[in-house]
Amino acid sequence: MGEPDPLVSGQLAARRSWCLRRLGMDCEWLQLEAGTEVTIGRGLSVTYQLISKVCPLMISRSHCVLKQNPEGQWTIMDNKSLNGVWLNRERLAPLQGYCIRKGDHIQLGVPLESRETAEYEYEVIEEDWESLAPCLAPKNDQRMEKHKGSRTKRKFSSPGLENLPAEGSSDLRCPLANVASKPIEPEKLHGKGDASSQSLGCLCPGLTSLKASERAAGPHACSALPKVLELSCPKKQKACRPSASQNSLELFKVTMSRMLKLKTQMQEKQIAVLNVKRQTRKGSSKKIVRMEKELRNLQSQLYAEQAQQQARVEQLEKTFQEEAHYLQGLEKEQGECDLKQQLVQALQEHQALMEELNCSKKDFEKIIQAKNKELEQTKEEKDKVQAQKEEVLSHMNDLLENELQCIICSEYFIEAVTLNCAHSFCSFCINEWMKRKVECPICRKDIESRTNSLVLDNCISKMVDNLSSDVKERRSVLIRERRAKRLS
């Protein structure tokens, strides 16, 4: 942890300061300095850079922004992050400021399936500067200045290899988190594959083939490394031919960029699964069908990527062997040592990338298990809702048939009329009955009065709206027929 700037310490020593205390840790606290805007993310231009050790893409490049409003109160805003910002267990809407108070709980990202809590959880506190200073995390500009000047620029004298370090080894060396924050562009690698045109949903049993391809590629690449090291004796080149391994490296990089972009899409699918879980009661079967279709599409795409990756590794090994034999036959030509160092470095970087992929397999498996589990829960909830709906409709039908039918026409009441004896009939039906007898068809009492029941009509109309289209159509036909007879 870096020490705070002495000038800032002098200015803040005499007063209290707001801070985000990381739960469960006595370090990496984030100071909220008055009058400044604090940005948090995994990018390079933020105030505090957070690199997740569990899931590199959990924190977005510019995840959230904290600043003071005109009244001087601190607010937090979700800067359209992928995995969200949570204030007191409630997810914040993007690009909207929310006031925070002392004791509030702030969570960045979501917990993985195997964990109960997220990796980055904080509590809003206000303490004296002296007690906060030892626990504060260094700002990103302090960390960058500490590492400034440690980078060296490599130079190559061979014209055929001038572009290889910039396009090959440096990109291959990037860890998964850095590649995800700045994706490799295939057009810059002179590759013919279009990785960005594929819409990836999620990973499924394709991880088995990923493991097999890594086991096959790793030993081959490592076995070629000692052979190249044996040729590293200092010789001078008089002429240089274009490296035959350059094309293979470029093709390999294109495939690796696709694999890394696949992980980015996996993080998006994890959030989609969480959203589906929250919207289960409002969801429809279309979401489930779409998710299953994406699973199948991604599985086929992943198998194709695995096959291409294995082919690239085999071609790369073959090319390296050819380069080794070529170097053995070269006499004292200028730049031979640079070429061999380049080949060794490329192999080492390839091996490091394979190790990174091997470490990230567990994250892929956790995400797949979480998605499958959420999909099953969504199906179960949908079945329960459908069963409840059918039960309500069945109960409604029984109620209509038993209580709300006219005894004369055996249909649901149309313009219900209640007699003095409390029995109800259709207005049309009782009028026709009274042409023959002026007594109740049920109890045989004389009809002295009749009252229209508007409440009963409205109740029947609303209940019929939830029934089948055949019942609604039949009722509409009866209403039209009776109105026509009444007018005639």
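Backbone N, Cα and C define each Cβ position, glycine as well.
What Swiss-Prot records for this protein:
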type: DOMAIN; residues: 38-92; note: domain 'FHA'
type: REGION; residues: 68-72; note: region 'Required for interaction with PIWIL1'
type: REGION; residues: 141-164; note: region 'Disordered'
type: COMPBIAS; residues: 145-156; note: compositional bias 'Basic residues'
type: ZN_FING; residues: 406-444; note: zinc finger
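Per-residue pLDDT, averaged over the domain 'FHA' (38-92), rounds to 93. In the domain 'FHA' (38-92), helix, strand and coil residues by DSSP number 0 helix, 21 strand, 34 coil.
For the zinc finger (406-444), the residues of the chain that approach it from at least six positions outside its boundaries are 400, 450-453, 456-457, 460, 464, 475, 478-479, 482, 485-486, judged by C-beta separation under 8 angstroms. In terms of DSSP secondary structure, the zinc finger (406-444) contains 8 helix, 9 strand, 22 coil.
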